[in-house]
């Protein structure tokens, strides 16, 4: 078991003593105790569930300091207290089992990776014991939390009076706020636009959960903008999903697919006249979506705010799938939290309510569309938004639904497009009364999106340009933490990488975490103290705590793809000055030696029954694509590199240079980079190690404990990266050219960025093909592609 | 969507009015309102999250009473209020979407199954409206709870003062207790035995969660005895798991495998001397296992108690896997809850604490081992235990680890046995200090269990007889609710059926629910109001509410295996007077016509690589077993009945009569009954429809919503039932005889009980074989079995 902790703040002994006093783990008089009595005191404090000394002693006697020596006896004897004794006790308190996970006569040799204290003496002094216990408190147990968090879940802070709120320990906010008295309230923020054109500014429903203590002392806010959290129209979305079994069609050549025309702005209605002011909300709410990372912060002195935005249930407006209007609606909430905008207690009485409980420091959180809106908000530079934690967020919607002039589906969702997502999230539809009044406008809006998204061309046009947040990256003032899965084929890694590059020169703090998952949350992995990292970060960002979070947290943290529970810090991802490995494409495979002068071809048309099978079962198509001797022989070209004798670490965007022709006036090229060889690789999804094992507070919420494990069986390959291009867009993205059948064109195809460790014995593979059954349109067209290998090569950025 | 509700108590209009007044949904003066104003009032009450009339009116205006007529307008006009209006409003409030799930001009024609009110007038009166709203409140929404429970989750009861506690509505306890003020406490019950022979009576750790209101007024108790909830020793259990790739060996003949000798009883140590009495617990607890059905009852005025029993962490004693000592430890907790036994605040100070907050009415709950201990407790007739809800419980441990003289594994756990389970649950091992003091005794105990369980014979001996709860079934005084999965191959359906039969003549109330799942909980299915049924039952059993639960709930409720969301009530399961269908075994299949005079044979030995493959992949073996033309040809005999032209409903235990010989002096016979044919069947596991969709209280716990769905693809077969027998035990279970090679013996093999609907087009199949890769030992012995078909037939009990 490897427990990687990156959120530990370095401390001196003086810091440690002061902080132990601060959380009332010890008091001043304890410092005068003999080491044996101090040890007893520290052990007693480690069982917060018991009140009496007798009860604590029963627990203490169940720990062994050494073989044949229980901890209670140790405190009662005059034996010297040795490092071995304390290490044994610490490991047991952390949840390691003596005799199975470590040996009592050599605890320091525990095979698990765990943060252990260093001792300065062979016979331990009070200072040694205090240092040991401080380190114990900040070390992760076997169930994914610091020991102090575990003590909190067992009632540690509930039993202590007059603790300061907030309370920090090792730079991180502690759960001292009362989660039994949380306030749940709804307000309606008036946004500075009228997207449904009813002559009234859009009201936006906002759901707030905050500690009652915030009535006395303002607290910071975690704000999650989630278009999903008022419900989704899944069936209507499915019905709108586009047929992808359609041919690729020829596009009219143009020198630019988009204009720089600004949309004409309509007159904005006046704000509502405020009839009265109140501090008392008029509406509460019950069960809703919540992100357990947000929940974790409630006990630690943060408020949590969810808003679904324009066009969602009980808000005004229309869905737009990521345009500037949606961004405006997203930041209206921040502006209200920052005292700059009006909210009302309900939709009609015009009674205003202030966020008097907000300390005006806001962070945005959430994954996928939620992280997307965090990025969108940050690119406005809105005041009060101190940081965003963008998990698997979209940074440009073109890169979500399109690529290089092609319609490209997010993995797993063929036929989805901006209009489908708009329909799915237009939860106003779920209220028949409201929907009956807005239906006509909504149908118009949906038709407009359907038209403007340009599914017939795949072009980067004004619609997509308006949904490219990266072009406004220079406006970002918030510090940014990006979290992304290197195997996320829904929101692909490009979104993270291009945002990371776009903010690289800005005067902000930036952090990046790349994990081996697909489109998932990572706040409950045993091997990583992600939650602590976010705590360190947010204590700094939102409580202005001078905890050096920006220095302590690694700039780039990457989960290893070869071994489980392995996280490594790096200075950058895909740095421009990375080395580059070059491979020629030759008929016998990828070669670092010399180029080939020959050509190879493949044809994209499949026999109908095979086509139907792959259209139904994309996973089977993917397996056959990679397999030598499969029904796809002749329909793709595989280039294998020699078996690795050394390790290769790819870091950044691979680029594929091809000289290619189509025998038709249309054509598309796809490429996949794969790791070949029968090896045990990480499972595609984390395993749930223990259900509900982590307490997020004292009898508050619970969270499963999960971890990526190595598969029990070997697998033949792992996808590393991929890319697609319309040959009509071969020069630049916004330039459309004709294709002369048979004419060879040079193209440069930037694959999705990655960080991939290819160890000795593995083999790199490149597959060049056309139709991607999971992502492109599938016209099953009879097109033959020819690759002139002389000028075809692959460039891999490497460490 | 079919929502089956069995827990609705019939009511008169007078009842309904009185109960609506009782929960403050209306007050007396509301009865004098005009229908339009009363409707407004009822609608307003249906939005408990809002305080002001303006806010409520916004919500009401979002409901449509008819096309072009919103609900607010209806209350403000003089239009007659029609049944159509109210049905439309009810369906929307339940979560059905107008225009998609029902039509506004014909709501009564909704294709979903849902409880709707009946109206007596075409223009609705106040009485009609009150009836309608009462029915609405007790009807399930689309997310698996009654509308009133959903309102509770949105704060309905929190906003009302001076409600009586407990409060019942339609015979069921309502969530009016304060879950933010729950008390968590630990006590140590002194049990009347000393199983670890340390000269002190065993202390048993008990974890209590109870509403603070129980300090004023005692509440009933849901008690779950869970040997798992203090942790498990999974690795040690795995290490102890027995090799099943061993031959079946010949047993010495005996006329009885067990004696009726009673174990000699040791002198019991005196009880501890009580030093003092207190009402204040000395210990609390944090995050532990909890069953969401128990959690649901906390807000409804019930306490929840967990105890892990002898040999678990922080309790005394040794694990025994189900013997009378474990039963004694289980009921000691009930005796304390009933004022008949002493508990202490901690393990050493001898300060006694009474369960003054218990109303001395206890129910036991839980699944698997937990349900097993509920059954064990009930068979003692212990006072205070009013009912057990036994989910997937073992009723005789022989039937869990053995069958007809064979070692038979619970499905999915080859090699597990009583000693393995004892080791897995001996959580005292997790505390090094405690373990160091008990280790020697424990190793002895484990060796004794290992010896006495008689894995070398598979015999029903004294060890197993002591673990047969059914022989004490006549002692049962508690009412019994049994819940079991018809596809549970871990704790097989026999446990439920034999218990059901054993209690059939007792003067108690009995209920049985059979679902289509394997070894799972069912308290979050959308199609069944199981939680409400348990509420109706426990309100009656534990609060003595005269709600006719015993009459309202069906005696036997069975989930259909053919169609999804279909639950049917029956008077009995496997009734002795069921009809019986007879099938002769013939070379051309199962025949209702005439017997065959021929013999057929099969040999049990497999080629080594095939044997290894099946030993590793039991699922592959199962598929090949059923498949015609598989590697198992010649290794089993398949008998297929003609394709069903009519429906056949098997109900009870199929019995297979065979005339069989072995060519060795050992032999075993296995049989499977299967449903053949390419059809869409229910998925093996329920689908999670919505994560955390059900609120178990107001901002308290949440629960996923699940449902069994029909598979999207056809499957070739479904297992119906199976059985195994050692041919040396062919006469009676406890009688061992020799086998003369080649000699034909008649045997009668009782298969697992079932309730299975075989519809037209399906085909019944019987497979006779020997080694069961998932359950028997796998000696890969070269044994040839011969079936004389003349006297071989199958009997199916049928409805």
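Heads up, the Cβ atoms here are built off N, Cα and C, so glycines get one too.
Automatic prediction, not curation, is the source of TrEMBL annotations.
Its Cβ taken as reference, residue B:368 (active site, charge relay system) is surrounded by 21 other Cβ atoms within 10 Å in the chains shown. Taken from TrEMBL, the feature active site, charge relay system applies to B:368 (among others).
A coil conformation is recorded for residue B:488 (active site, charge relay system) in the three-state DSSP classification, outside any helix or strand. Annotation comment: TrEMBL describes B:488 (among others) as active site, charge relay system.
Neighbour list (residue B:519 (active site, charge relay system), Cβ cut-off 8 Å, at least 6 residues apart, same chain): B:367, B:368, B:392, B:485, B:488, B:489, B:490, B:491. Residues or ranges marked as active site, charge relay system in TrEMBL: B:519 (among others).
Non-local neighbours of the compositional bias 'Polar residues' (B:254-265) in the same chain are 457, 459-462, 464-466, 733-736; each lies 6+ residues outside the stretch with a CB under 8 Å from one of its CB atoms. The compositional bias 'Polar residues' annotation in TrEMBL covers B:254-265.
Sequence annotations record features per position, and here TrEMBL assigns domain 'X-Prolyl dipeptidyl aminopeptidase PepX N-terminal' to B:1-156.
According to TrEMBL, the feature domain 'Xaa-Pro dipeptidyl-peptidase C-terminal' maps to B:535-795.
In terms of DSSP helix, strand and coil, the region 'Disordered' (B:249-272) has 0 helix, 1 strand, 23 coil. As annotated by TrEMBL, region 'Disordered' applies to B:249-272.
Using a 10 Å Cβ-Cβ cutoff, residue B:488 (active site, charge relay system) registers 22 neighbours.
Within the model, the domain 'Xaa-Pro dipeptidyl-peptidase C-terminal' (B:535-795) shows a mean pLDDT value of 97, rounded to a whole number.
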